[in-house]
Amino acid sequence: MTETKTLKNFIGGQWVASTSGKEEVVPNPATGEVLAKVPLSSREELDAAVAAAKEAFREWRKVPVPRRARILFRYQQLLVEHWDELARLVTLENGKVYEDAYGEVQRGIECVEFAAGIPTLMMGQQLPDIATDIESGMYRYPLGVVAGITPFNFPMMVPCWMFPLAIACGNTFVLKPSERTPMLANRLAELFTEAGLPPGVLNIVHGAHEVVGGILEHKDIKAVSFVGSQPVAEYVYKTAAAHGKRVQALAGAKNHSIVMPDADLDMAVTNIINAAFGSAGERCMACSVVVAVGDIADELVRRLKEAADRIQIGNGLDKGVFLGPVIRESHKERTIKYIEIGEKEGALLVRDGRRDSATSGQGYFIGPTIFDHVKPGMTIWTDEIFAPVLSVVRARDLDEAIEIANRSEFANGACIYTDSAKAIRQFREEIDAGMLGVNVAVPAPMAFFPFSGYKNSFYGDLHANGRDGVEFYTRKKMVTARYQ
């Protein structure tokens, strides 16, 4: 029997075994098989990573921007060459089906491509002759050592939001990946090193609460980017800000899709099924609430159930599978409790994912679950379940549908299905969410646009990706000069 390997930290360009003596297993969510062990590193090990990043920053900040861009271009090429390998690794440790994982790798590669355009992104501004023989200009500079804390649900894409752009801007980086999906982060570091990244520019420290606390409080870390649940995001924001750090903390969601009476129901149902049950509903842009407007509700619910009944559940590496497992047995149990709560609070359980055959074997499976006649204020409407559970709320008209969506404490994304330009305009102007979709399944923007929403879905001022990302990872210097 082969011994399960324990992952190492990546500090100062070296793979270093943790000395904490604490670790957790990393199971395959589809089978329960142990893939690896992940160390729960100590504060001292984090300190070593920050020290390595601080030392590397002294030289990395001086590397010409075009040379940094060439390393990013080479990194992008290596990611493309290893696309299939990376997608399979995502499926193994996260559980999402291969097609979803393949698309996630594509999104990560797009983030690296965006970061490779750093010569243009780092350009400042200049105004000649603000007075006689005097000109003024703005220049961008890196912050120093920055850190990222990433979630389990996108082990490829979310880290690639963070460290490629931060490093391209001239910073050095400390990454704390999710202890539930830590394997891909190590592979990303290996490929970045192969691309020519100098030692200490990217560091990885595996762990949990102790490492997170150290990141938020460390005096040499200038900025923290976080993606995760709402309570933790709020804690990260408040704690890091109290220690003088720049913070962006992307949090939870309860995304509503409004289906109007004139909607193309075939398209709407296909999109909603993909958005609600793709990646087992474990994504912050998942559709978790459908607002059916007018007299289409019964037909819409019937079609949603029929489509959900056709979904194949199983191991994400098997052909034809659409829905893989959730991340852990504890998450499956949590989802089952929410289904029980939905029934107790009076929602109509149209499709019960607890009864699907795949849920009784090994792995952490829960089938597609649909509730109808859900009322705003019910627990399954209020809470982010983060699982393949879809709630259908009924509304008289668009005004009521928008009012229902805007009552949520979250404001990440929202969609509308309609051919009415008037309805689309009203939706765009009145809905309180950061990322909007019109007749699309998941309105997640490309890497060159900012990502995230409002209210309890985001804490901070500058969002991830796009120009916001460059602003987050740089500071400005204004220079006014007189020429004599």
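The backbone N, Cα and C atoms fix where each Cβ goes, and this holds for glycine too.
The annotation NAD(+) binding site is assigned in Swiss-Prot to PHE152, LYS176, GLU179, ARG180, SER229, GLU384 on the grounds of sequence analysis. Around the Cβ of SER229 (NAD(+) binding site), a 10 Å sphere holds 14 further Cβ atoms from the protein chains shown.
Per Swiss-Prot, active site, nucleophile is recorded for CYS284. Neighbour count (other Cβ atoms within 10 Å of the Cβ, all protein chains): 28 for CYS284 (active site, nucleophile).
For the pair GLU179 (NAD(+) binding site) and CYS284 (active site, nucleophile), the Cα-Cα distance reads 19 Å. For the pair GLU384 (NAD(+) binding site) and CYS284 (active site, nucleophile), the Cα-Cα distance reads 9 Å. Between the binding-site residues LYS176, ARG180, the minimum number of other C-beta atoms within 10 Å of a residue's C-beta occurs at ARG180.
Rounded to a whole value, the Cα-Cα separation of PHE152 (NAD(+) binding site) and CYS284 (active site, nucleophile) is 12 Å. You'll find the Cα of SER229 (NAD(+) binding site) roughly 9 Å from the Cα of CYS284 (active site, nucleophile).
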